[in-house]
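For reference, Swiss-Prot has these:
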type	residues	note
TRANSMEM	32-52	transmembrane segment
TRANSMEM	53-73	transmembrane segment
TRANSMEM	98-118	transmembrane segment
TRANSMEM	120-140	transmembrane segment
TRANSMEM	153-173	transmembrane segment
TRANSMEM	180-200	transmembrane segment
TRANSMEM	226-246	transmembrane segment
TRANSMEM	248-268	transmembrane segment
TRANSMEM	285-305	transmembrane segment
Amino acid sequence: MSISGKLLTEDNQLISPVATVYDYIALLKPRVMSLVVFTALVGLVVSPVVVDPLYGFVAILCIAIGGGGAGALNMWYEADIDALMKRTQKRPIPSGKISRGKALIFSSILSVLSVFLMGVLINWFSALFLAFTIFFYIVIYTIWLKRITPQNIVIGGAAGAFPPMIGWAAATGTISLDSFLLFLIIFMWTPPHFWSLCLFSSSDYEAAGIPMMPNVRGERSTKNQILVYAIITAVCAIGPYITGYAGIIYGISSTILGGMFVYFAYRLWKTDTHDETVPIAKKTFFFSLFYLGAIFGILLIEFLIWHFIIR
């Protein structure tokens, strides 16, 4: 038998489930980490420096380890509120599969190791950038902002937007306007992405006492801000083409995709009741995932075609 993720023997004695490799992988937030790895890879590849494949692999591996360590640290700190939310109750710590102590040790080792290896094997500028990103995500966002302000995801979203700049820094040892534009796309995309999620899962956040925008300012204010941020995101996404860094394929694609993103946000803005809002919010949320992946994917593909096939 099982009760709330705990296992019972035949005589009803409570025992802790044994953690598996998959539980420790889940602790790394693999879905979030996959986005971190992908955007970092794009930043590394589209930089002006052509890196050796092995060098690039090591750099991305270090970023992945750091992203996973940060995700695990986040789960360690938020174990109390994860236990209150249906969406997160089955995570390794609240389900009792991994203790908070083990999670802290595991995540700390990964975080420190990623920065050390990045510095020794790649360069110390990108290593310090990675360390700052981990610090920002855990201390600024997770510990400080998330539980006190509905603007948590706006400011804290910077942590999720840094990876392409870290990838760029790994290749070049510096940052530039072009890498900052990649950061800006993700930074502006984050609020409409997460707030559309909150519009159809607000009860979860409310139960955990997290002040997300729909619960604090209401659905109408949230929809207004989603539309504004979607427009800003669409404009920022055209930036690499305007500056001349990206080509016409990216320029046309980012314009079309940006228009679609704004259209979904506009449809959401037009809804009045909660029942009308939920299905459109879900569509907006899932399209936002596709949108970001497509923007970075097209940028990467166009760059590879131009530099390694046409040239």
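All positions are counted from 1 along the displayed chain.
The backbone N, Cα and C atoms fix where each Cβ goes, and this holds for glycine too.
Stretch with the most C-beta contacts under 8 angstroms to the transmembrane segment (32-52), considering only 98-118, 153-173, 226-246: 153-173.
Comparing 98-118, 153-173, 285-305 for CB pairs under 8 angstroms to the transmembrane segment (226-246), the maximum falls on 285-305. Just going by CB pairs under 8 A, the stretch in 53-73, 120-140, 180-200, 285-305 that sits most against the transmembrane segment (248-268) is 285-305. Only pairs six or more apart in sequence are counted, and the transmembrane segment (53-73) with the transmembrane segment (153-173) gives three or more Cβ pairs under 8 Å, enough to call it a contact. For the transmembrane segment (120-140), the residues of the chain that approach it from at least six positions outside its boundaries are 55, 58-59, 62-63, 66, 69-70, 73-74, 77, 111, 114, 155-156, 158-160, 162-163, 165-166, 169-170, 173-175, judged by C-beta separation under 8 angstroms.
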